[in-house]
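Undergrad: Let me give you the structure first, and then I'll get to my questions.
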Amino acid sequence: MTEVETTHMNAGTESQQEPAELAEKQKAIGNAFYKEKKYAEAIKAYTEAIDLGSDSALAIYYSNRAATYMQIGEFELALCDAKQSDRIKPDVPKTQSRIRQAYEGLSILNEAEVYLKNKQAGLALNALDRLQRRIDSTTQPPMSWMYLKAQVYIFQNDMDRAQKIAHDVLRLNPKNVEALVLRGKVMYYSGENAKAITHFQEALKLDPDCTTAKTLFKQVRKLENTKNQGNDLFRQGNYQDAYEKYSEALQIDPDNKETVAKLYMNRATVLLRLKRPEEALSDSDNALAIDSSYLKGLKVRAKAHEALEKWEEAVRDVQSAIELDASDANLRQELRRLQLELKKSKRKDHYKILGVSKEATDIEIKKAYRKLALVYHPDKNAGNLEAEARFKEVGEAYTILSDPESRRRFDSGVDLEPGMEGGAGMDPFDILRAYQAGGSFPGGGFPGGGFPGGSYNSQGFGMGGGFPGFTSFQFS
């Protein structure tokens, strides 16, 4: 601990003796308070000594008050007093040391502010810890330090610690404007915008010229209004305009991680409605990068993965959601559904084989089959084993999807075990012959006993001029 000076200065003339003696008494009182670590009382006593003391004694009084300011972290006030002491009595080693220490403290404080401005939170906290070690451990640091540390915690999204600092200050002084602004900022960055607005309004009642409160009040209202406009547009089914509103809101305050996560999640939901699942996945990833335990974000990302048929990822997201909320029966039902889709994805996908969507009509399925059967038929691919395999695959897919009951069972996932899919072993040439026969094949054939369009060129492709036993086929 910095020691105060106790040297007694001799009084001058008799007219100066009485105030000088009073000044010395105040200095002694200040020294006693200093030793008891009652720094506020010590500062008051030294101030009275300065007001009463003679010029020859002022150097010690200023130096002692500087030492006291140092103990509570008021380095700027300490520097002013130490410099004043040095002007009155230059080159005193103890005074020079206090000037140096005050400059060092101010330099570290400036470091912390620069680090925070550059978003280097870890370095900012390190600087503040170094400052803390320079003052008496029993004293509360200056409000400016506490406010700065709370700012760092907000940047780190550690709202509990930031909230505690604001609470501690307001407990001591409920009308502290800086603390009200700080607590409002914590509320704001915790996503509690209504409470934040209340705190900023209270701060502005106490200090209408508080620039920080004014700026934050306007910002939170703008962000909240823009977000709500997006929500209203979404409820109205106006998804493109909702997307644009959420995008606008995301630009207002990128540092408000809590609200930004919600906005990303909202925009991801809109993107799913707009059939843009890749972008929805990116937005939900961004939301979860901010908060990995964001339940709604996990649900939305699971939907994005589902839309992209990334079943394993969708299952993992729902499992993570269940870990966060094990009581949600809907989540467990969703997990079972996605696990079934995952199993279905590991079997042969007849829709993909035919190149049609799962919503394809019977006519679309038949057209797709005809086109692929022409491409891979052995007449066109003599000796090509890969084409022969694809030809069989196409026939098998058509066998399943052209029959309503088989298709229903396939879609529902009933037939997941090998060998359970109806018609799986049917000869692909029999499928073609069904067209010629006029529709004995499950699900019916094309009108007129074959593909639309008339007769097949008898010159054919190698195997006797065309498909075996099939004469009414035309390539397109």
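Along the chain as shown, the residues are counted starting at 1.
Backbone N, Cα and C atoms are what each Cβ position is placed from, and that goes for glycine too.
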Undergrad: According to Swiss-Prot, region 'Disordered' applies to one of these ranges: 1-22, 89-110, 331-352. Which one is it?
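TA: It is 1-22 that Swiss-Prot annotates as region 'Disordered'.
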Undergrad: Per-residue pLDDT averaged over the domain 'J' (349-414) comes to what?
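TA: Taking every residue of the domain 'J' (349-414) together, the mean pLDDT is 90.
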Undergrad: Using a Cβ-Cβ cut-off of under 8 Å, list the residues of the same chain that are 6+ residues beyond the ends of the repeat 'TPR 3' (143-176) and lie near it.
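TA: Long-range Cβ neighbours of the repeat 'TPR 3' (143-176): 73, 109, 112-113, 116, 119, 121, 124-125, 128, 131-132, 182-183, 185-186, 189-190, 206, 255, 257-258, 290.
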Undergrad: Is it possible to list how many residues within the repeat 'TPR 3' (143-176) are helical, extended or coil according to DSSP?
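TA: Going by DSSP assignments, the repeat 'TPR 3' (143-176) contains 27 helix, 0 strand, 7 coil.
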Undergrad: Using a Cβ cut-off under 8 Å, which residues of the same chain at least 6 positions beyond either end of the repeat 'TPR 7' (295-328) come close to it?
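TA: For the repeat 'TPR 7' (295-328), the nonlocal Cβ contacts are 261, 264-265, 268-269, 271-272, 275, 277-278, 280-281, 284-285, 287-288, 334-335, 338-339, 341-342, 345.
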Undergrad: When the repeat 'TPR 4' (177-210) is classified with DSSP, how many of its residues are helical, how many are strand and how many are coil?
TA: 27 helix, 0 strand, 7 coil
